[in-house]
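Quick look at what TrEMBL lists:
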TRANSMEM  12-31  transmembrane segment
TRANSMEM  43-70  transmembrane segment
TRANSMEM  82-105  transmembrane segment
TRANSMEM  117-139  transmembrane segment
TRANSMEM  151-171  transmembrane segment
TRANSMEM  177-202  transmembrane segment
TRANSMEM  297-320  transmembrane segment
TRANSMEM  332-353  transmembrane segment
TRANSMEM  365-384  transmembrane segment
TRANSMEM  390-408  transmembrane segment
TRANSMEM  420-438  transmembrane segment
TRANSMEM  444-464  transmembrane segment
Amino acid sequence: MSEYKLFAQRIGLVGITNLVGSLSGLILLPILTKNMPVESYGIWVQIIVTVGIVPNIVMLGLPAAMVRYLPSVKKAEDFQDIFYSFLSIVILTGFSASLMVYLLAGSIASVLFDGNTLAVQILSAIIFLESLNGILFNYFRATQQIKKHSVLLVTKTVLFIVLVSFFVLMGEGLTGALAGLLTKDIVLLLATTVIIGAEIGIKRPRFTNIKEYLSFGLPNVPGSMSQWVVNSSDRYVISGFLGTSAVGLYSPGYTLGNIVRMFLAPLNFMLPMILSKYYDENNLDEVKKILSYSLKYFLAVGIPAVFGLSFLSEQILLILSTPEIASKGYQITPFVALSALVFGVFIIFEKVIYLEKKTKTIGKIWMFAAVLNFGLNILIIPYIGIIGAAGTTLLSFIVGLCLIAYYSSKYLKFDVNFRFISKSLFASILMSLIVISWDPVNLFDALVMIGICAVFYFAVLILLKGFAKEEIEFFKNLIRP
């Protein structure tokens, strides 16, 4: 029980941390949308989308290799060699990518960023810093320094919100927002470098076994790229066909629906470490139990979140943005919220493939989903608009989930607990009656309603015996000192 308690407490800590991070988009939404033109906000969204993919490509899948291999390294000198080998490679690839973006800034700006060359030049520096921060932050994950990692993530979020807000409210607009993002990255790079240097020292890398690490990490890159296509490329297609203003209308509803993903983040963070341990010990019963419980608890909060966000989206967007954005964006939220739920289930099934080191299978699935998504976006967006983009995203995730469930079942099957899912759906439908009858007029009113709905939902779920007695007792013990 003590191991489960530690695991669950770490998930709770990471969950709170990611809650803060996930809400940063909503916190900044009114500041950005009410202080810059919708076209400029659309360019900001494009910048954030680009930052979401380029550093992941630049890192060559090495963060995944770090999490997989570093925990089992015993000798300090071997540990240093692996870490600094990874960091050196990312410095080289990150600088190369950054330089390329800077040199091609004019062309990239004319195609994707409404001709704003300065924004792309700033983006080139952000890409380099984000790549370095990505590998440095992953050090704390690989060494299971969860508290330190969480503190750094919260610091990252707070700096992001404060600095971007400061520059925008000072009237600096899009350029100011990008300056805030750049400043945040510089501060974090300095902080993590000092902390890691103090912990393990500095050593010249020998690049020992680097071929093995790259062979594990590189197959993750096509998967990451394809995952990005499914998640974010619709903004590029929308911009190409409808302009950056349409991106500005689309993104707030997308951001709101994507809140469901914050419930997945702690599981996705912790599961590779804990599952690898039991799997390497050939303790498959524990692996199955953890996967089953992870799926259950994600759905327990994810399903009602989809219902609540879908019915509340227009009111929340009216509170946080402008009437123009709310009138269009609220239609996007239900599709994205359900897509996020499907994605969460996908990620849990994906862990089985990860344990088998069949990362190429994951990459192929994401590539198929990406081709489907991108092709449908090009066909549908010119005729249906932003609603079509949201619909194709949902369809792509559903197809991906079907494929990952099929392939993972070949290696290991675990209890999906369909009875619990039906109970959660029933409780969510009852909860939705409260949401429909309540029309929040301000943020405080909306938060009160969300709290009441959450209590009502879990009360119904407990009455329906959605959780066993030992599970309820476990959570009671979890919060006791």
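Any Cβ shown, glycine's included, is placed from N, Cα and C.
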Beyond the flanks of the transmembrane segment (297-320) by 6 or more, those residues with Cβ under 8 Å of it: 26, 29-30, 33, 252-253, 256-257, 259-260, 263-264, 267, 326, 329-330, 332-334, 337-338, 340-341, 344-345, 348, 420-421, 424-425, 427-429, 431-432, 435-436, 439-440, 442-443, 446, 449-450, 453-454, 457, 461, 466
Stretch contact, the transmembrane segment (177-202) with the transmembrane segment (365-384), Cβ-Cβ under 8 Å, 3+ pairs: no
Positions on the same chain near the transmembrane segment (332-353), where near means CB under 8 A and six or more residues out: 250, 253-254, 256-261, 263-264, 267-268, 271-272, 275, 291, 294-295, 298-299, 302-303, 305-306, 309-310, 313, 317, 359, 361-362, 386-387, 390-391, 393-394, 397-398, 400-401, 404-405, 407-408, 411-412
